[in-house]
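Participant: Input: one structure, supplied below.
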Amino acid sequence: MFKNEISKGIIHSILVISGIVLGLYLLYEIKILVGYVLIAAIISLIGRPIVVFLNNRLKLKNTSASIITMLFLLTIIIGIISLFIPLVIEQGKNLSLLDIDAFQENMKFLYMETANYLSRFNIDLDKSIFNMDWISNMDFRFIPEILNSFGKTLGNLTIGILSVMFISFFLLKDSMILEKSLFVLIPKKSTKKFKKSYSSIKKLLSRYFAGLILQIFILFIIYTVILLIIGIPNAFVIAFLCSLLNLIPYIGPVIGGVLMILLTMSSHIGADFSTIILPKAIYVTIGFIVGQLVDNFFSQPFIFSNSVKSHPLEIFLIIIIGGLLFGPLGMIAAIPSYTAIKVIAKEFFSENRIVKELTKNL
């Protein structure tokens with residue numbers, strides 16, 4: 001009898017592990033679709049208050065309210081994309097991306113101006129950092145290839161946006177559809193606990209995404225004011241792009257800072273390096289650091305303490321793990337995913353010591 005129980009336990013464990021592995025494999029195979037659903041779920045969370053407002057105040061039916069909300073969100077997306085068109089055109093002119101020789105000359109100009117400026121302080125840039133030959137030998141013919149692949153990328157992006165908008169519409173129209181779909185997979189005896197977990201997750205993630213919007217807005221205001229004061233062209237667009245990049249933990253701010261400085265320098269190609277380009281780049285760098293200090297010491301602690309309620313070390317480790325496993329997208333999704341796992345763990349494994357410690361603030 002005892003042997004039979006052990007055998008049944010082993011078989012049950014093998015089946016459970018096999019099921020988990022198979023489930024993870026299937027998720028990996030349809031990761032693009034899973035990504036669409038997750039993005040659509042986030043959009044539906046953001047758009048839900050608009051639908052509720054249209055339902056309650058204007059007495060519109062769910063379908064009409066959802067259509068209006070989706071059109072509103074689509075208008076915002078199109079507006080954001082259209083903002084970047086002037087920036088792309090201007091930077092294309094500045095860097096002469098379609099003229100490889102001119103682009104090469106611009107790169108050499110920036111390099112030589114930097115080297116000449118540093119030589120005043122007895123710093124030999126050629127020897128200590130770079131060798132000028134790498135610019136001369138660099139093959140810039142990869143640029144047309146990038147431009148040729150733009151059409152394909154644009155097509156895939158269009159399909160992705162349409163798919164996300166389609167899924168988002170139905171999630172807004174029937175807010176219970178996702179919940180019902182999830183509960184189909186849940187055993188009946190666990191339905192009550194999952195409903196409670198689902199409600200808590202929605203509440204916490206709604207706060208989290210609202211906090212992220214506030215974070216982007218604060219950075220956008222800081223960057224815009226700084227860039228306008230310094231006199232950088234397309235200040236609004238650059239500020240918005242760099243504030244959006246801040247959503248990628250740790251890596252995003254670095255990319256945003258480098259991009260802001262490069263766009264500042266490229267916007268003034270042909271001007272005097274020591275009196276115009278370098279001072280503006282330094283002022284932009286100082287402004288960027290100010291924005292990051294505000295973000296790290298005020299915005300982020302406020303968001304994490306009032307939404308995900310996790311220790312900074314937890315957040316750091318989870319983001320790194322997400323980045324190692326799934327790259328930048330994993331870093332972005334790490335905190336919401338970890339929050340959901342914590343809520344579920346608290347509901348189902350509340351007696352476990354580790355779970356108790358990790359979820360004591362939830």
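First residue shown is number 1, and so on along the chain.
A Cβ is built for glycine as well, from the same backbone N, Cα and C atoms used for every other residue.
Below are the features I grabbed from TrEMBL:
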type	residues	note
TRANSMEM	9-28	transmembrane segment
TRANSMEM	34-55	transmembrane segment
TRANSMEM	67-89	transmembrane segment
TRANSMEM	154-172	transmembrane segment
TRANSMEM	208-230	transmembrane segment
TRANSMEM	236-263	transmembrane segment
TRANSMEM	275-294	transmembrane segment
TRANSMEM	314-335	transmembrane segment
Participant: Determine which residues of the chain contact the transmembrane segment (275-294) at the Cβ level, with the cut-off under 8 Å and only residues 6 or more beyond its ends counted.
Facilitator: 113, 117, 218-219, 222-223, 226-227, 230-232, 242, 253, 256-257, 260-261, 264-265, 268-269
Participant: Which residues of the chain, 6 or more past the ends of the transmembrane segment (208-230), have a CB below 8 A from one of its CBs?
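Facilitator: That would be 42, 45-46, 236, 238-240, 242-244, 246-247, 260, 264, 280, 283-284, 287-288, 290-291, 294-295, 299-300, 302-303, 306-308, 335-336, 339.
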